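Written below as structure tokens is the structure these notes are about.
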Amino acid sequence: MNIVILAGGRSAERQVSLVTGKACKRALEDLGHRAKLIDPEEDLPLRLWQERQAGCDFVWIALHGPGGEDGVVQGMLEWLGLPYQGSGPLASALAMDKLVSKQIFRAEGIPTPEWLVWDEAQPLSWAECVARLGSPLVVKPSNSGSTVGISLARDEVSLAQGLALASSVSSRVFLERYIPGKEITLSILSGQVLPAIEIIPAQGDFYDYEAKYAPGGSRHLIPCSLSAAGLARCEAAGLRAYRVLGCEGLARVDLRVDADENPWVLEVNTLPGMTPTSLCPEAAAALGWTFTELVERMLQDALQRAALTRSAPSGSRPSPQPA
């Protein structure tokens, strides 16, 4: 097949996206496909139309962050009639907006940490924030990925610094209750839950951008240290979160697990990193899959769903389903 890979873009996750795109390009070429990498610019709609006219069969999205995994590119590809891997426009948009996804989780009875939206026009004092959510507090931008803009506030000074950081990458910021315990991530491929990974930061127990990307910033446990019952609860919560947002293909669910092994869903990433050292390929490797085999499974899954969509009377993707 002729495959166009979208990688790079303008988000804060540009460099990770480029590494993902190049790794996937090599894997797709190893599978016998012709792969072409495009770094999206303002003329992307025209460029994709031209690629379609030139015989493009499939688009592989390796973008991260706003403009890549928020449903914009997915909607564009739907309109052009070009198949692609991963979730559709609606699920992508819902998952990208952490505030909206948390509201859905709460409505569906999926445990997620308590939060409050920061209102710059009516700012709360540190004492008021702590009274509602406890201390420390997690400061988060509503729509960013790769832990960009996330920080842990332990006092009034670090709260102000965290708010400034989060506001630099998102117009909406919220504070979230910090759940002491374990950081667990679940990779899910079309309903199949891959082995859970426990993430242990080298410094403290908060998984931020530095812990994620700095050499030696964290270590991973596979299998994780949860009991069989705790792992089952974690997998059930992660799968429910995946389904209620209407995710398709590969997605990653990030959770905290407290001292009683109760899971708390933090967010869902519909276009997780796909570098050879990323979490999803690491989980797949625990099943004996190579990176190329994971890419092949993702591609075949997407092609099967595209065929079903074309044959459906409405020609549309499925909507999010109650868990």
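The backbone N, Cα and C atoms fix where each Cβ goes, glycine too.
As recorded in Swiss-Prot:
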DOMAIN    102-300  domain 'ATP-grasp'
BINDING   130-185  ATP binding site
BINDING   ASP254, GLU267  Mg(2+) 1 binding site
BINDING   GLU267, ASN269  Mg(2+) 2 binding site
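In terms of Cα spacing, the binding-site residues ASP254, GLU267, ASN269 all stay beyond 10 Å of VAL130 (ATP binding site). VAL130 (ATP binding site) carries a helical DSSP state (H, G or I). For the domain 'ATP-grasp' (102-300), the model's pLDDT averages out at 92. For ARG172 (ATP binding site), other Cβ atoms within 10 Å of its Cβ number 16. Under a cutoff of 8 A between CB atoms, and with a sequence separation of 6+ in the same chain, the neighbours of SER158 (ATP binding site) are SER151, LEU152. The C-beta environment of SER144 (ATP binding site), restricted to residues of the same chain at least 6 apart in sequence and closer than 8 Å, consists of SER11, ALA12, GLY65, PRO66, ILE150, VAL169, SER170. All chains included, 25 other C-beta atoms sit within 10 angstroms of the C-beta of LEU137 (ATP binding site). The candidate set comprises the binding-site residues VAL130, LEU165, ILE179. Of these, ILE179 has the most other Cβ atoms within 10 Å.
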